[in-house]
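Each remark here refers to the structure printed beneath this line.
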Amino acid sequence: MEPVMAIAIGLLYSAAIFLMLRRSIVKLVIGLMLLTNAANLLIFTSAGMTRGAPPLIPEGMLAPEGVVADPLPQAVVLTAIVIAFGVLAFAVVLIRRAYEIVKADDLDKMKDTDT
Amino acid sequence: MQLAVLSGFVVAGFAPLFHRWFGDRASFVLAAYPAALALWFLSQLPAVMAGETLVFAMQWVPSLGMSLTFVIDGLSLLFALLVTGIGSLVLVYAGGYLKGHPDLMRFHLAILAFMVSMLGLVLADSLFTLFVFWELTSITSYLLIGFNHNDLEARKSARQGLFVTVAGGLALMAGLTMLGVAGESWSLRELNAMGDVLREHSLYTALLVCVLIGAFTKSAQFPFHFWLPNAMAAPTPVSAYLHSATMVKAGIYLLARLQPSLGGTEMWTVTLSVVGALTMFTGAFLAIRHTNIKKLLAYSTIMALGTLTMLLGIGTEGAMIAFVTFLLAHALYKGSLFMVAGVLDHETGTKDVTAMGGLRHTMPLTAAVACIAALSLAGVPPLFGFIGKELMFESVLEVSAWRWLIMLLAFSATALTIVVAAIVALRPFFGQRRETPRVAHEAPTSMLIGPAVLAILSLLFGLVPVLAGSGLLAAAASAVAGTSVEVKLSLWHGVNLPLLMSLASLALGYLLFKRWDRIRARLACLDPLLSRGPEAGYDALMDGVVVISEWQTRVLQNGYMRNYIMVMIVTLIALVGNSLLLRHAPQFHIALDVQFHEAVVVGIMVMAALFATIARSRLGAVVSVGIMGFSIALIFILFSAPDLAITQLLVETLTVILLVLVLFRLPRFSSLSTPLERVRDVVVAGSLGTLITLLVLTSWSIDQFVPISDYMIANSATLAHGRNIVNVILVDYRALDTLGEIFVLALAAIGVFAMLKLRAPEKPKNSAPAKENADG
Amino acid sequence: MVKSGTIILNTAARLLMPLQLLFSVFLLLRGHDEPGGGFIAGLVAAGAFTLYLFAFGVSATKEVLRMLDPRDLIGMGLLLGMISVVPAWFVGDPFLTAQWWTIPGIGFKASTPLIFDIGVYLAVLGSVLTMVMTLMEVDKDEP
């Protein structure tokens, strides 16, 4: 499964970067969303992928039976997903305010700081 | 003890309050603090004189081996007494000098903070602590030089002093780190006991160079001497305190402190004695070119600092005695002279010695103090400076390497110093009465106490050298030498070579003084040459920095968002790709083990992402991103991450709501770039994607570390009482990270609130976006 | 732009919100042993309020929240997170070390990780609600 995921993550990154290189601010936002998802997947898969063995300990046991999926990347990604939402909201609102003031969706027209 | 010293920072913080309570008299109240400390240090004198080393152990960051341990031995005590003693005198003096100055409380704050830093520096036992206090003295010195912040010159000088000393501080940090690594200890006491190991260590040369750069910049040694005369832009109490008696001696202190562990090698001896002698001569020579009394004194301070460095370089037992004697003598007379210079400036309104004359009638007390101090500076018996100079000549005669050069430099520097002493003492007070910008009269008592006390001490120690010599100086010299040293100071050594040299230098000095005005005129033709000195180098360097930063701002920070992203991505590809492909030959051994439904989910995810890039409408793009998000949630379910899947689903839902609320108020999609640009972007994005793929594949193939999650899995139920290991990691193992993360989230929310709700009130309502219709 | 919804949405929101909030607390409390936890529970609760927001508008939702401003929730969450740091000091452990107590009688296991998780719950709920409510309010102001 891993090689497939590697290629998929690579494609996600490409799509995200391509969108972020556009001049339209809305495309920048979409690219940002793709990028956070791609990064989350990258971290999630970095410890290898395990099928059907969630990192839970059955009731009454002290350790999981057999091999379970690595919980650490999962914990990291869990917070990353929530934070990505916060950052996305911040970015979107920032862009909205910038657009209200500059009245241009072309990022090239936003290059002066004192408009 | 640590508390007593560090409470000084608290006292400094409360200085403005004292100011409110006591008005201009706050200086005298605050002076009680260093005075009390000075008395306490004096009470430790008997124990230290008996050869004890007082240790006040205290942990700071034990896990990093950092301690706040303070150590009092002879050298520390000598410095601590200078810092606190002169400190209290200077505070009293400043009360008169800066009387009615609107920023007096800022002065108090900075100077007290400086005093505590300096005290910490000379008492510290750990290299870390030493370095922290070292940097603090640089910063407080910066604040004090730039005290007159309305003055362009003062600001420039403050910056120069800061850059030079902090640059040296960086070198020192490297040097101290290497020292700690080489000696496997961060304690100065332990390092001083293993000098033989350190001198043989392979890092010795490198660490010595770094430590020397740090010490030389701080103590204004040639070629870093130029910042000290410029620092005279500070108010005179600061010059008297920081730039002659204490801070500039921090570098000297460090060298003396490290003498037992690093000194004695040929490199140490030659570097220190030659640099010291050069500094000595440069200082004395440049001094007589000036008529500004503070500059004169500043250059003669450079000369004294050079002398001290040279004596440390010579390194014999006699040189150690000379070192501590000269150090004390210099602190006494130079502090006094600076304060006299301040009095003159304050009372006459000029700093130019050629503009003053005949002041002894109006300012008899000041004149007397100035004469005593200047005689000590010139090294005339029976003053303490004479003993210091005799011992210095004795040590110079013991030099083996570069003997004649050092002797010549030392001799001429001494003669030139006599000229300086004569100028400072005779010019303003004797001769013809001259009109000064302000009508001169005697200084207030508060401004006379300081210089008078120091001058009287110079005289007292000269007449009864046993007072200073047998106890404190012996202990200090022993600490520098690393072995027990007997000190027997006396005025009369019999007719010998040092005495003859003293007499000859006196005669030469007198002759030079008589012709001073003419010599100065002659020396003016050297100006073009001197303006190409080290200071020009410093200026060129600073200009260069400005030019480079302007250039890089124009090129890299040109205001185009996509250029920034492009630069980052291309750099990333170049650097990571380089090390990935060239350093590690890629090797993958991963079985391709795909089940049909998984392939379908991944396929949908990728298709959705790619569709988002070519979507012509915002709605299309948002929908495809949504599809991608839900596919990712499915992947999380398939690969054993139930918590992630739930979170992803919830966040996807909220994201849609967010986009509905915001995104459709933004403009529609538009195509702004040319086809060529798009091809370029596809290439860049594609290569990054390829790189990431290779990176992921490689990282799976290499197992570099034992994963820490094994510990977490094994102990989750037993130690943390939780069966959901992901949650246990979040709230227990890595709770600090999670705490930081909820703070980030909170900040994002507050940011959103602030951007939308807290608007500038004068903005009219027309900033609302145009009404948006359904998307195409 | 967002108007109060249809009858179906209104009824659903009225019925679903208490259930969702109850479910979020359930997720929060069982989070240490089963899938769930502060982040997920916070998001579920935020979802509940958002649904209500869409059905009845900002002012009605504010009434439901009574005196509680979502921003206060953020502050309370962060405060709880910080408070959970403290107990370890009294026992002499490095800070943030988990402490466990069993409340006698009901046998409920209280712990600093639980306090911490409640802090996460409130912070997430408060943050998301602040964002959504602010956006909706601004939306209402601007036609």
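Including glycine, each Cβ sits where the backbone N, Cα and C put it.
In TrEMBL, annotation is done automatically, which means it is predicted and not curated.
If you average pLDDT over the domain 'Na+/H+ antiporter MnhB subunit-related protein' (C:8-130) in this model, you get 84. The feature domain 'Na+/H+ antiporter MnhB subunit-related protein' is assigned by TrEMBL to C:8-130.
Annotation comment: TrEMBL describes C:12-32 (among others) as transmembrane segment. Outside the transmembrane segment (C:12-32), and at least 6 residues removed from its termini, the chain residues within Cβ reach (under 8 Å) are 5, 38, 40-42, 44-45, 47-49, 51-52, 54-56, 64, 113-114, 117-118, 121.
Sequence-distant contacts of the transmembrane segment (C:38-61) (same chain, at least 6 residues past either end, Cβ-Cβ under 8 Å): 2, 4-5, 9-10, 12-14, 16-17, 20-21, 23-25, 27-28, 31, 116-125, 128-129, 132-133, 136-137, 140. Per TrEMBL, transmembrane segment is recorded for C:38-61 (among others).
Long-range contacts of the transmembrane segment (C:73-92) within its own chain (CB-CB distance under 8 A, at least 6 residues past either end) are made by residues 98-99, 112-113, 115-116, 118-127, 129-130. Taken from TrEMBL, the feature transmembrane segment covers C:73-92 (among others).
The transmembrane segment annotation in TrEMBL covers C:118-138 (among others). Listed by sequence, the residues of this chain that lie at least six past the ends of the transmembrane segment (C:118-138) yet keep a Cβ under 8 A from its Cβ atoms are 2, 24, 28, 37-39, 41-43, 45-46, 49-50, 53, 57-58, 61-62, 70-84.
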